[in-house]
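Taken verbatim from TrEMBL:
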- 1-35: region 'Disordered' (REGION)
- 1-11: compositional bias 'Pro residues' (COMPBIAS)
- 14-27: compositional bias 'Basic and acidic residues' (COMPBIAS)
- 120-149: transmembrane segment (TRANSMEM)
- 161-185: transmembrane segment (TRANSMEM)
- 192-213: transmembrane segment (TRANSMEM)
- 284-308: transmembrane segment (TRANSMEM)
- 356-389: region 'Disordered' (REGION)
- 362-378: compositional bias 'Basic and acidic residues' (COMPBIAS)
Amino acid sequence: MPSLRPRPPAGPRTDSENSTHSYKSEEGTAVTHSHPSICLHTPALSEAASGARARIPTAIKDKRPLLVSKFSTSDKFTQKFPRPRAMRGLSVSDVRAPSILEEGEDIVIERVDRWTLHKWSLVASVCTVFVYGTAGLVCAVLTFFGAWPGADVMYVADYDLLVLLTLASSILLFTALVGLCGTLLNSRPLLAIYTLLLWPAFFSLLALGYPSYKRYSFALDRKVSRAWSEWYTPLGRLAIQDALACCGFANALHEAVPSARCYPRTPLPGCKGPLWRFEKGNLATVWSTIFSLVPLHIVNMFVALLCANHVTRMFGKGIMPQRYRLNADDVRADAEVLLKAMGGLRPVARPGFARASSSAAFREDKSYDNSDLRRWDAQSKASSRARRR
């Protein structure tokens with residue numbers, strides 16, 4: 001089983017040295033293939049690779065800074081900057097030829113990049129926002145559908161708070177979904193949107209907590225009496241009477257809505273006491289729950305502000321610096337060197353057609369330009385005559 005090790009870094013050089021580094025291979029040493037991250041210890045392949053590499057020089061003499069000179073043109077073609085940590089440890093299970101190694105076949109990632117502490121903090125923060133947003137929305141839906149005994153009373157007496165609870169829970173739930181997508185996808189723009197959405201969610205919590213506390217603390221009995229006389233409709237009063245098992249406000253003769261259980265001589269008490277006690281307990285539950293969530297929401301806002309830009313270890317936007325980017329001069333210089341190295345090789349002749357082609361691009365009755373072959377034949381004949389003389 002061949003062993004693998006990371007490619008040795010290129011040493012510093014001066015302006016007089018080559019800009020594209022080539023690694024010398026000796027028998028019994030590591031042979032460096034074109035894959036940018038692994039080397040293969042095989043003496044047999046070392047000789048073949050050294051012989052094949054000797055025919056094609058890779059020197060490109062240009063003036064580059066010392067830092068930029070460590071990155072060859074082929075590195076700029078194939079490597080990313082910076083290199084992901086998850087791709088630093090690679091292994092090859094079965095290497096049958098250098099070409100397989102060059103193409104990246106049988107290369108597997110041994111270690112997956114771990115989540116950062118900031119990402120774990122974001123996940124925990126987003127989950128808490130999702131939990132209390134979902135809990136508030138579930139409570140609002142259960143109240144609208146009358147799934148608990150006092151739902152009808154709250155629907156009539158605290159309808160404005162119920163609407164505010166639904167809006168705040170919807171904003172919190174939407175904010176949590178955006179934050180969860182941004183965290184799992186490592187998307188900093190989505191996390192920036194999540195951080196901004198936490199502010200309207202915070203104000204929606206305050207808009208729900210303050211009215212409930214004010215209604216609870218200041219003259220609740222007079223507010224209940226005025227609401228029964230001026231604001232509640234007959235259908236609303238009937239719903240309260242049925243839910244609290246009472247009749248009228250002070251007694252059965254005081255602004256009562258007649259029903260099967262509510263009539264002038266009914267033994268049921270008035271709704272003033274039961275309604276006041278229900279409102280006292282319900283409003284206390286609402287404002288105490290909301291104000292207990294406010295510090296947690298502020299912590300979530302600080303976590304989002306501090307950790308949204310560090311969900312990964314990548315610095316900035318991950319764009320390669322301009323001085324390390326591949327430019328036209330690099331490609332042109334490598335092309336000139338390769339053309340000079342391949343100048344002594346005979347061009348490949350196109351084989352004849354074995355059958356009539358169905359394509360209109362290549363037909364047997366068309367003439368093709370063989371100027372490269374004729375020029376090479378003329379040059380080879382001239383060089384042979386010169387050697388004979």
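Yeah, the Cβs are placed from backbone N, Cα and C, and that goes for glycine too.
Nonlocal intrachain contacts for the transmembrane segment (192-213), taken as residues 6+ away from its ends with a CB within less than 8 angstroms of a stretch CB, comprise 126, 129, 133, 158, 160-161, 164-165, 167-168, 171-172, 174-175, 178-179, 182, 283, 286-287, 290-291, 293-294, 297-298, 300-301, 304-305, 308.
Away from its own ends, the transmembrane segment (284-308) comes close to residues 118-119, 121-122, 125-126, 128-129, 132, 158, 161, 165, 179, 182, 188, 191-192, 194-195, 198-199, 201-202, 205-206, 208-210, 212-213, 216 of its chain (Cβ-Cβ under 8 Å, at least six residues beyond either end).
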